[in-house]
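S.K.: Straight out of Swiss-Prot:
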- 1-300: region 'Interaction with MAPK8IP1' (REGION)
- Val42, Gly43, Arg44, Gly45, Ala46, Phe47, Gly48, Val49, Val50, Lys63: ATP binding site (BINDING)
- Lys72: ubiquitin cross-link (CROSSLNK)
- Asp156: active site, proton acceptor (ACT_SITE)
- Lys158: ubiquitin cross-link (CROSSLNK)
- Thr184: phosphothreonine (MOD_RES)
- Thr187: phosphothreonine (MOD_RES)
- Lys209: ubiquitin cross-link (CROSSLNK)
- 301-338: region 'Disordered' (REGION)
- 354-391: region 'Disordered' (REGION)
- 361-375: compositional bias 'Low complexity' (COMPBIAS)
- 443-493: region 'Disordered' (REGION)
- 453-463: compositional bias 'Low complexity' (COMPBIAS)
Amino acid sequence: MSTASAASSSSSSSAGEMIEAPSQVLNFEEIDYKEIEVEEVVGRGAFGVVCKAKWRAKDVAIKQIESESERKAFIVELRQLSRVNHPNIVKLYGACLNPVCLVMEYAEGGSLYNVLHGAEPLPYYTAAHAMSWCLQCSQGVAYLHSMQPKALIHRDLKPPNLLLVAGGTVLKICDFGTACDIQTHMTNNKGSAAWMAPEVFEGSNYSEKCDVFSWGIILWEVITRRKPFDEIGGPAFRIMWAVHNGTRPPLIKNLPKPIESLMTRCWSKDPSQRPSMEEIVKIMTHLMRYFPGADEPLQYPCQYSDEGQSNSATSTGSFMDIASTNTSNKSDTNMEQVPATNDTIKRLESKLLKNQAKQQSESGRLSLGASRGSSVESLPPASEGKRMSADMSEIEARIAATTAYSKPKRGHRKTASFGNILDVPEIVISGNGQPRRRSIQDLTVTGTEPGQVSSRSSSPSVRMITTSGPTSEKPTRSHPWTPDDSTDTNGSDNSIPMAYLTLDHQLQPLAPCPNSKESMAVFEQHCKMAQEYMKVQTEIALLLQRKQELVAELDQDEKDQQNTSRLVQEHKKLLDENKSLSTYYQQCKKQLEVIRSQQQKRQGTS
């Protein structure tokens, strides 16, 4: 806070000049900071610290800059938020100029990311909630893309920037520090790696379709309740390299074809092949009729059983909640995977299908799995009856009943045969070469050709897809590096020098002057330092993870020792009781013998 105050004089003058600019109409109120009562820090945004506060007897969120380098992002967010007014975009109440801060609507439900992957207890949510969140997100982004005279592109769509209110039923987009006006040429790399469109970090020109790619990743994330590309691990540029090579999140078993087609179209390598946000809104609005109950508040579990504590929270409602009780037996027969030796989608062996069908029918009603920050390969084995994602086969049947789309054939999936719901081109899953293992841990990425199919032989319930693209195509970059610069075949440090994109705003290198060798040299040095920084941070994270594992093992050992000690004491106590009972038994036996002898004497005398 003190840093923000120190920077307020210069920041307020720039903000004041921007406010007074006659060419811009900004709809916000200049607020006196004395009217604000700060309560607590709740997080960080694209810039600055976000605090909960009271202003005019209502809860608000204030965002303050911490350094001079964040002033530009502050002005961007102030300018963009002052232009928008939509129920699915966080409302700007006003701004303070001394110290510099934004006063915005407070979201009591926190971010969607925390709802999906936060600390326990995690809330239950249904398929209707997941679809509603994505619909509301698309409505907000479609509004940004359709603004006049200049449309807006968010460029940083991800669950941490999606806030929930009204019991988790209403979603609001926030964090416009990276937003910009839609232009013909935009090469500034903004956003986060897991949700970032490939054309953004490749340095080529990109458009509003980069938001569509991010939305498609979010759709996958809320359905599976798993972090995208989490199985890759390591620094963020590993994700970038995998996405650049065509890797996408694994398809979801039993996902209705219209939803799967929409999702995979959003992941297309070619931005022109992705649907517009307006089209997404129309499709999602149509599909929402099959998902009632989105207006019910999220429910948090009061307590967990032993199993619940080990497996984290799950969703009470899934796509299977709308289906009949025998859906799991029926749906598992349609499970598909991509073999490691070719690109044809085949059925699993009948024995595996029968076993999984039996196990899943015994497991009862399954639901959205909770995130544990784990990869696809860390899912529970099939013998536990757990699925990676929700069962949506009955919803698919309902959609089929009303739209009468043709049944998909075996082999390559026909993603465009959905009647009148989706009039889209066919998504081609290509691949002529043999996929090979790379050194990136827990991930099978594509080979040297971007169009090859990537598969995960140890995950029969999912199939990894890649989008096709010209194999000779090389991305245009805004700096002198290209993927061909890499001499490391292990996909490590030199694979893709874009690590600085995921650093905090104040740590990212400034764009160099292409005509200055010194500027380019400084930029290259800064990027290498950023790469080294990311490597060190990764090592720290791995060491911390190992530390947590050791602490957990130590706790388990202590519990085992306590249990052993308790068992020894119980055994000793039982031995004492046994000895006491034996003594008592002998006494009773002697007394019985005495009584019998006395009775015999009496009978003899009589």
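The backbone N, Cα and C atoms fix where each Cβ goes, and this holds for glycine too.
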S.K.: Nearest of the recorded positions to Gly48 (ATP binding site) by CA-CA distance, picking from Lys72, Asp156, Lys209?
M.R.: Lys72
S.K.: C-alpha of Val50 (ATP binding site) to C-alpha of Lys72 (ubiquitin cross-link): distance in Å?
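M.R.: Their Cα atoms are separated by 17 Å.
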S.K.: In sequence order, which same-chain residues at least six apart have a C-beta under 8 angstroms from Lys209 (ubiquitin cross-link)?
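M.R.: Result: Ala197, Pro271, Ser272, Arg274, Ser276.
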S.K.: Would you mind giving the whole-number mean pLDDT across the region 'Interaction with MAPK8IP1' (1-300)?
M.R.: 81
S.K.: In whole Å, note down how far the CA of Asp156 (active site, proton acceptor) lies from the CA of Arg44 (ATP binding site).
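M.R.: Approximately 14 Å lies between the Cα of Arg44 (ATP binding site) and that of Asp156 (active site, proton acceptor).
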S.K.: I need the CA-to-CA distance for Lys158 (ubiquitin cross-link) versus Lys72 (ubiquitin cross-link), whole Å please.
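M.R.: That comes out at 21 Å between the alpha carbons.
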S.K.: Taking only the Cα atoms, work out how far Asp156 (active site, proton acceptor) lies from Val42 (ATP binding site), in Å, as a whole number.
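M.R.: Cα-Cα distance, Asp156 (active site, proton acceptor) to Val42 (ATP binding site): 20 Å.
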S.K.: State the Cα to Cα distance, in Å, between Val42 (ATP binding site) and Lys72 (ubiquitin cross-link), rounded to an integer.
M.R.: 22
S.K.: Please determine which of the binding-site residues listed here (Val42, Val50) has the lowest count of neighbouring CB atoms within 10 Å.
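M.R.: Per-residue Cβ counts within 10 Å for the binding-site residues Val42, Val50 bottom out at Val42.
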S.K.: Taking the recorded positions one at a time (Arg44, Lys72, Lys158), which has its Cβ surrounded by the most other Cβ atoms within 10 Å?
M.R.: Lys158
S.K.: What is the Cβ neighbour count of Gly48 (ATP binding site) at a 10 Å cut-off, with all protein chains included?
M.R.: 25
S.K.: Is it possible to get the count of other C-beta atoms within 10 angstroms of the C-beta of the residue listed as 'active site, proton acceptor'?
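M.R.: So the number of other Cβ atoms within 10 Å of the residue listed as 'active site, proton acceptor' is 24.
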